[in-house]
Structure formats: structure tokens, C-alpha cells
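J.: One structure is given below, represented as C-alpha cells, and several questions about it will come after.
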Amino acid sequence: MTDYLLLLVGTVLVNNFVLVKFLGLCPFMGVSKKLETAMGMGLATTFVLTLASVCAWAVNQFILVPLGLAYLRTLTFILVIAVVVQFTELAVRKTSPMLYRLLGIFLPLITTNCAVLGVALLNVNQSHNFLQSAVYGFSAAVGFSLVMVLFAAIRERLALADVPAPFRGASIALITAGLMSLAFMGFSGLVKF
């Protein structure tokens with residue numbers, strides 16, 4: 001149990017996918033202008049990333065490795081992620097039309113989020129078992145969502161601030177992301193891998 005807790009804390013804070021591994025930067029910069037959209041993207045990513053992580057692990061363990069097709073991992077994982085996103089979109093549309101309208105634009109964007117593919121590939125490279133893959137996928141998504149919501153809240157405050165003209169827009173956003181990355185480096189001694 002302690003190993004799973006360390007994996008959770010380590011992935012969310014110490015080895016954050018956005019601020020440490022630099023995966024998922026496109027949605028991080030593009031969808032984080034408003035807090036509501038960041039929360040919607042974070043919620044959708046959490047569900048999809050956890051499910052895709054488990055499905056990719058199962059496909060790797062039960063299909064690719066036994067058949068000696070490990071060289072097809074990346075292509076197969078991309079297909080698995082696309083299927084999971086489509087399945088999620090259909091399930092959400094059927095069960096909760098209100099949630100579908102809220103998350104509708106974000107679900108197709110998750111297919112192109114490199115963090116989802118990164119989690120699937122890192123699960124294989126780190127030889128995680130089923131439960132570790134689920135925890136790793138969930139904690140990567142929680143870390144992604146946490147950073148995205150924090151960044152969106154900061155960007156909303158910056159929109160109201162008196163920022164010098166040369167730093168407005170993408171410049172101040174990148175400076176803020178760098179400062180957040182430095183802040184998260186403070187967690188580096190929290191968990192030793």
C-alpha cells in the first residue's frame with residue numbers, strides 16, 4: 001500500500017507530467033485561459049488517461065508481448081487511446097447530455113495529448129503491473145489537472161493585472177509556467193525513487 005501511495009505522490013508532485021516531464025504542454029497552454037475550461041479538460045483527461053493507461057497495459061501484456069509484436073507499441077497505443085476517447089465520448093453523450101455539452105470540445109483534444117501516450121509508454125518501460133498502471137495513470141492525470149487548474153487561476157488573475165506590454169500574452173504565460181515548474185521542484189526531496 002505504501003508503494004502505491006509513494007507512486008501517487010511522486011507522480012502528482014515530484015515527477016509532474018507537465019512541469020517536470022514536459023508532456024501535455026499543448027493543452028496546458030491552450031486550454032488554461034479560463035478556470036472553467038481548465039477544470040473541464042482536467043476532468044475529461046483524468047477519466048481518459050486512467051482508462052487508457054489500464055487498456056494500454058492490458059493490450060501490451062495480453063496481445064503484443066505474447067505475439068512478439070512489441071515494436072508496434074506506439075502505433076497500437078495510439079489506436080487504443082483513440083478508441084478509449086471515442087468510447088468515453090459515446091458513453092458520456094448517452095448517459096449525461098449536460099456533461100457531454102460541458103466536455104464535448106475537450107474529449108477529441110485528449111486524443112492528441114502526448115501525456116496520454118507518454119503514460120502508456122512509461123508504464124511499459126517501468127514494468128508496472130495492472131494496479132500500478134492504474135495508479136500511475138490516475139496520478140499523472142491528477143497532477144496534470146492540478147497544474148492546469150492552478151495555471152488557469154493564475155492566468156485569470158494576470159488578465160486583470162497591469163502587465164507591461166512586452167510581456168502580455170504568451171510571454172507572461174511562459175514565465176508563469178517556468179515559475180510554477182520551479183515551485184514544483186521544491187517537492188523533489190519528498191519522494192525518493
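The backbone N, Cα and C atoms fix where each Cβ goes, and this holds for glycine too.
Annotations for this protein, taken from Swiss-Prot, read as follows:
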TRANSMEM  5-25  transmembrane segment
TRANSMEM  39-59  transmembrane segment
TRANSMEM  62-82  transmembrane segment
TRANSMEM  102-122  transmembrane segment
TRANSMEM  134-154  transmembrane segment
TRANSMEM  171-191  transmembrane segment
J.: Please work out which recorded stretch in 5-25, 39-59, 134-154 has the most C-beta pairs separated by under 8 angstroms from the transmembrane segment (171-191)?
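T.: Answer, by Cβ pair count: 5-25.
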J.: Residues sitting near the transmembrane segment (5-25): Cβ under 8 Å, six or more positions beyond its termini, same chain?
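T.: For the transmembrane segment (5-25), the list is 45, 113-115, 118-119, 132, 135-136, 138-140, 142-144, 146-148, 177, 180-181, 184, 187-188, 190-191, 193.
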J.: Do any residues, 6 or more residues outside the transmembrane segment (39-59), come within under 8 Å Cβ-to-Cβ of it, and if so which ones?
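T.: Same-chain contacts beyond the flanks: 24, 27, 31, 76-77, 80-81, 83-85, 88, 102-103, 106-107, 109-110, 113, 115-116, 119-120, 123-124, 128, 130, 133-134, 136-138, 140-142, 144-146, 148-149, 152.
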